[in-house]
Amino acid sequence: MVSLSVYAILPVSVLLWVVTPSVSDKCNGYNGYPGVPGIPGTPGTNGNNGLKGDKGDPGEDTHPLKGAKGELGAVGRPGRPGLKGNKGGPGATGKKGAKGSKGAFQSISDVTPFFFSNKKRANSRTGLAQHKILDFEEQVFTEKAGLDLNEGLFTAIKRGVYYFAYHVSAGNNACLCIKKNNAVVISFCDFSEGVQLTSGSVVQDLQVGDTVGLYGCTRVSQLMTSNADSTFTGFLLFPS
């Protein structure tokens, strides 16, 4: 029984071996068509930061190139005034002006004369203190009424330029000054071991009411020796 089964199975096995292809045999099929692209996928999340890169090489040392000159721009608005500059030097001499008109003629006789001269005499030496006026009480000559000295003080009754002069007999020293309105105009000092004659003069522009007199200055002056006169004189040079 067993041997019969073996003989029955053997032909079947041979048939299967013939029909069944070998594993090593290949089947050549046809290439298929490309498939339809798939739907885009969902964007992925950001990745982690990468590592810090190495330091780059130094750049090239370049200089800016000078371009061509541009066109002239528009005129700007005027600026604010600057600081005051230093004073400039004298300018050039200007042209000579036109000749003026002829002035009015005035004869000498049209000018009223103003003149006075007074004197003082002392029988002995007299001290004149500082800032004290010298009184010329005796009138020598007066051309115009009202020009008399008032205790040695002259008062102008007409505006103009006047000339004043004094001659004083003095002892060892004499410091005298001519004052206008009680302000010193000019002063003189003379020193001597004996008798001397000191003098001085001045020109002044006076207004009506201005006063002029001769005063002692800076120290006590020794004046007026015996039988010696001293004079104070003044006159109008021209009205103004």
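Glycine is no exception: its Cβ is also placed from the backbone N, Cα and C atoms.
What TrEMBL records for 1-24 is signal peptide. The region 'Disordered' feature in TrEMBL is assigned to 41-104. The feature compositional bias 'Gly residues' is assigned by TrEMBL to 85-94. Taken from TrEMBL, the feature domain 'C1q' covers 109-240.
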Let's see if you can do this one: DSSP helix, strand and coil counts over the domain 'C1q' (109-240), in that order.
2 helix, 81 strand, 49 coil
DSSP helix/strand/coil residue counts for the compositional bias 'Gly residues' (85-94):
0 helix, 0 strand, 10 coil
